[in-house]
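Below is one structure; the comments refer to it alone.
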């Protein structure tokens, strides 16, 4: 035993080898990867050549701040932001609003898209040689309707998505059965020949579907954080189409903004005109009162002989005049707030000195305009409409509160100045009563005249805004498309194709190996049953009929010699021959071939070996040698006491004199009965006296109990597993056998593992022979 110089190290594992095993699992399928990558590269080439080209179109606009009053910064903080007065998010929401995009869909007819066939694929176009007109309501279109149209000499050949065919002549414009939901109008009949054999596709959508599709395709954002420039962009097959859409959106946005300004100006004009009528009546009344007073008192002109003494009173009166003017303006605003029109626009910029109140009125008008626009496209119970109504109510309440506070302040100040005026009046008690009354009349006249002039100036401003409203945007760049398509890009298509070509076989191999429930090698075995040693992994070889033993110097021969050496280290040291049982869980796992080659490996070392066929139910040992299955053997010895041990011994291979074979003999009716009697133990004792090694091919352990009946007679039990065939659940079965000591001195032999050209083994050194 000490002459044998090597043994497997079952425990030692190298992480590098594990990584190599993982790589080898995939690299052994390198033809798959090569073919897959080649196929995907060819597909990528045709895709980049024939796929519809997608272009990027962009337009830029600058939002102009048309506020005439400075914005109030909360907490008196100074913010270094030139765009403080702008709210670009609001403008962006208006640009992508359903109402505005719906107007663009109606104007450009985007509810019908046209495509042209080009090398088996359809590419979107902007102008087709014909035009479709829908003849059905949008409510009837739940899903897009697709039709393929071909122009022929007989007319339009139209095919719907269900394969129904229609023929429409160029003169009729409708199918004769009136089943098509559209009318088709030819642009120029002289150009029919130039469009023959070209297949067009028309897709009909409802306005809602087309608007939502446009909203998804439209991208809106700002150029930079602090910028007031908005960028609109789209991607599409037709640059004419995307450019027309972006230009239409910009135009609609600008025109709607101008309409809003005109609407506010018009409302302001109507309020001021109504106030003019009231002021004219009040001024006429004051002037008549003044005239009547002078006639009554017979006055023409009163000299101001006490001008110096009246300076204090004059100052008080000027303040009173200013305060009463503000109170009159407050009255105008309150009248507008309590008007019968619900959520109507308020009079803006009427001259109030309270800037915060002016800002609140402007914000209220913006919300009122937004609500009026929303009412055009939604019902009165729409959540957004209710939300705006609530916000308007809240804003109106705030304005009323602010007006009340401001009015109270004005009245308090007015009382103060009136008191000061009264104190000053006591100093001028000598002034005639007529002058005092006349001044009171003139003061009322001045108040009304100042208010009249103020409103006149505001009316001129509103009239200018109505007649020539200033645009709220400046077009930086009209829509322009790139010269090169953004997709497909060859610099991306080919790498992506190569990556997909690699991923497909990799994924297939990964999932195939992940779902593989079969034992593949030692690593899996040692993870489940680390307490049972794995003696060796026998490489796969293709067995041929009449193949006897193994070729000297082959990798297979060396593998079985290593198995014989490793088995010896498990055999207890004792006198006489050594008994090695070879079994498996089920049949077809290679236990018989393993027993045969193990016995030949021992014989090649000069040992006398007896190979015994103890699988009495399904003997296979004879098929590997030129022996008759019906030859007397083990079952004859076990059943007949007169049968001599020497009568069953045969030469399996004529040139190998150290190797003898003992076949199973006849197939008995009850194999367990034969194996359990004392004759089998006597048989082994007789064999051990004559041979150095007795290798016994036993029955599978999962199918029958034969092996368990004689397992105590073995020195070593080799449990054979076949790579790629033995289920991993059988490892748990063998683990239970070892745990319950049903098999003596048990060790694994993994059979038919891979191919030596693609796998390395932890033998301490690798063999490179071709078996």
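Heads up, residue numbers simply count up from 1 along the chain you see.
Keep in mind that glycine also has a Cβ here, set from the backbone N, Cα and C atoms.
As annotated by TrEMBL, transmembrane segment applies to 29-47 (among others). Long-range Cβ contacts of the transmembrane segment (29-47) within its own chain (Cβ-Cβ under 8 Å, at least 6 residues beyond either end) map to 488, 493-494, 496-498, 500-502, 504-506, 508-509.
According to TrEMBL, the feature domain 'Tyrosine-protein kinase G-rich' maps to 434-513.
Positions annotated as transmembrane segment by TrEMBL: 491-511 (among others).
According to TrEMBL, the feature domain 'AAA' maps to 590-712.
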Composition by DSSP (helix, strand, coil) of residues within the domain 'AAA' (590-712): 53 helix, 17 strand, 53 coil
Secondary structure composition of the domain 'Tyrosine-protein kinase G-rich' (434-513) [DSSP: H/G/I, E/B, coil]: 58 helix, 10 strand, 12 coil
